[in-house]
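Some features that Swiss-Prot has for this protein:
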- Asn25: N-linked glycosylation site (CARBOHYD)
- Asn59: N-linked glycosylation site (CARBOHYD)
- Asn145: N-linked glycosylation site (CARBOHYD)
- Asn164: N-linked glycosylation site (CARBOHYD)
- Asn231: N-linked glycosylation site (CARBOHYD)
- Asn302: N-linked glycosylation site (CARBOHYD)
- Asn331: N-linked glycosylation site (CARBOHYD)
Amino acid sequence: DLICTGITSSNSPHVVKTATQGEVNVTGVIPLTTTPTKSHFANLKGTKTRGKLCPNCLNCTDLDVALGRPKCMGTIPSAKASILHEVKPVTSGCFPIMHDRTKIRQLPNLLRGYENIRLSTRNVINAEWAPGGPYKIGTSGSCPNVTNGNGFFATMAWAVPKDNKTATDPLTVEVPYICTKGEDQITVWGFHSDNEAQMVKLYGDSKPQKFTSSANGVTTHYVSQIGGFPNQTEDGGIPQSGRIVVDYMVQKPGKTGTIVYQRGVLLPQKVWCASGRSKVIKGSLPLIGEADCLHEKYGGLNKSKPYYTGEHAKAIGNCPIWVKTPLKLANGTKYRPPAKLLKER
């Protein structure tokens, strides 16, 4: 922290703070900080950046994609960085879901955190012959498929008893690990409930049903709610008096999960296989151009200085470091006033 003294006859507008001498006037400085201005978000230079989970799935929310809504099936590109762009709670445009009863809205965020995400090509269990069956796999007019016929989510099978429409004690199904590359397996499941008349018609039991899932040391319990739902439609579909509750469990490589259920279960089918890590940051779409850094408050930044002032928030990439006050590097000498000539005596 040594500033060499020199002599200059010019004024010195530059002041730097030093550790040993406090504020010191110097003949020159190099600014080390910048104050960014807000900009659009961009692709992170040198890496793949993910905006929507499925860029080619038109008119689909990320929750639609995560649940396998029939018209929202597509490839999720790999990415080292992901934009959390759906800042408000979103719904799925299929069968009405009771979103607030589980953590299901977190599913798209969970998937964003992985670099590689793919949907399994086969079903994790044979739902038609699961315990308590045989079952007819239910579909809904509120969830049209690509040919506009009745459909349902690819990640779940709506298990409606074929002939044995009676109450049942809790049943257990094991959910095997079927991913093939050592990935995390994200298994989606749930249950359906309706008013008493519909519950008797579909399942032969109008009482609340009990459900439990267990995987990776995490166990979750639910009891279904019977009736009391107004007719509701999602995305222009057929109004429904029933509701579904949807949850998920994460299975580590080689680990089996279990689901204990009664009537109305939505058994897991296609599962997500996910690996690697993708850094996630809140932002907005579309992504325009490229940037050195993605900042939650300022968007895409190109690094022109090593430090910045302004709003402090999460940032990813080659980013400047946040500081409270501007920093300067002295590249001149300590300023000294011009010497005064002695008067002749």
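Keep in mind that glycine also has a Cβ here, set from the backbone N, Cα and C atoms.
The Cβ of Asn59 (N-linked glycosylation site) lies under 8 Å from the Cβ of Lys71, Gly93, each on the same chain and at least six residues away in sequence.
The two recorded residues, Asn145 (N-linked glycosylation site) and Asn231 (N-linked glycosylation site), show a Cα separation of 21 Å. Taking the Cα of Asn164 (N-linked glycosylation site) as the reference point, the closest of the glycosylation sites Asn25, Asn231, Asn302, Asn331 is Asn231. When secondary structure is read from DSSP and collapsed to three states, Asn164 (N-linked glycosylation site) falls in the coil class. Between the CA atoms of Asn302 (N-linked glycosylation site) and Asn331 (N-linked glycosylation site) there is a gap of 25 Å, rounded to the nearest whole number. A straight line from the CA of Asn331 (N-linked glycosylation site) to the CA of Asn231 (N-linked glycosylation site) spans 73 Å. Looking at Asn25 (N-linked glycosylation site) and Asn231 (N-linked glycosylation site), their Cα atoms lie 74 Å from each other. The number of other CB atoms found within 10 A of the CB of Asn231 (N-linked glycosylation site), across every protein chain shown, is 10. Reduced to three states, the DSSP call for Asn302 (N-linked glycosylation site) is coil. Taken residue by residue with DSSP, Asn25 (N-linked glycosylation site) is part of a strand. DSSP assigns Asn59 (N-linked glycosylation site) to coil in the three-state reduction, placing it in neither a helix nor a strand. Each of the glycosylation sites Asn164, Asn302, Asn331 was assessed for Cβ neighbours inside 10 Å, and the highest tally belongs to Asn302.
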